[in-house]
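Enquirer: The structure follows.
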Amino acid sequence: MARKKLMRFKWNEEVHNLFQPEKENYKAYKGKWHEYFKNDNPVILEVGCGRAEYTTGLAALFPENNYIGLDIKGARLWKGSSLSIETGLTNTAFIRTKLQNLEEFFEPGEVKGIWITFPDPKPRESEAKLRLSGLRFMNIYRRLMPAGGKVFFKTDNRVLFDHTLEVLTDQTLKIKDLVFTHDLYQSPLLAEHYGIQTTYEKTYLNQGVQINYLKFEFLPL
């Protein structure tokens, strides 16, 4: 196991599509992701991407978009990075970072969409500011996206989901077209997921847990 982990760390250090602190170009593409991708296509993020099932799955389905997966764990990012290389995906990239540092990698208006897929619910009140669907992060997403930018959120955790719905009532966020379901797999909204499932999602479904999902769009500030 240790040998496999070392091989993955070495991959992360050498591969071109994964950005991490040890690399000189770690933050080089802020405001210039079109230079990395060599096109002006929309940039869509998967925050807390884990194994990056949505980053790679959506990238394969929609080559007209660029997808970037972000996570703090390099071992997780290895999966998306290596799969992208193996399958010839040129419209993906991966960044190892704490997600509160998003604005160090993107200029305001540079991001057109954000997927939040099964984040850690951070149930303690002392951890509230670390919830990826909390007000602190929603304000970060708001600054990164222009009017029309879309956020998509999936979780098995009903408490976190209901908290997120409450967060979205904050008038300073200025959102529209909020749509949600507490049971995605019994909803017409399921078609928007194109059969993509995360590892966590498969586990929860096997346990009979319902999946919550919402999406909305930002209005002009």
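Cβ atoms are placed via backbone N, Cα and C, with glycine included.
Below are the features listed in Swiss-Prot for this protein:
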- Glu46, Asp71, Asp120: S-adenosyl-L-methionine binding site (BINDING)
- Asp120: active site (ACT_SITE)
- Asp156: substrate binding site (BINDING)
Enquirer: Taking each of the binding-site residues Glu46, Asp120, Asp156 in turn and counting other Cβ atoms within 10 Å of its Cβ, which one has the fewest?
Expert: Asp120
Enquirer: Have a look at the binding-site residues Glu46, Asp71, Asp120 and say which one has the shortest Cα distance to Asp156 (substrate binding site).
Expert: Asp120
Enquirer: Around the S-adenosyl-L-methionine site formed by Glu46, Asp71, Asp120, which additional residues qualify by having Cβ within 8 Å of the site's Cβ center?
Expert: Val47, Gly48, Cys49, Gly50, Gly69, Leu70, Ile72, Arg76, Leu99, Thr117, Pro119, Leu132
Enquirer: What three-state secondary structure does DSSP assign to Asp156 (substrate binding site)?
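Expert: For Asp156 (substrate binding site) - judged by DSSP and reduced to three states - the answer is coil.
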Enquirer: Around Asp71 (S-adenosyl-L-methionine binding site), which residues of its chain at least 6 apart sit with Cβ under 8 Å of its Cβ?
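Expert: Within the chain, Asp71 (S-adenosyl-L-methionine binding site) has Cβ neighbours under 8 Å at Gly48, Cys49, Gly50, Ala52, Leu77, Phe94, Arg96.
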Enquirer: Consider each pair of residues in Glu46, Asp71, Asp120, all listed by the record as binding S-adenosyl-L-methionine, and report the largest Cα separation in Å as a whole number.
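Expert: Answer in Å: the longest Cα-Cα distance is 14.
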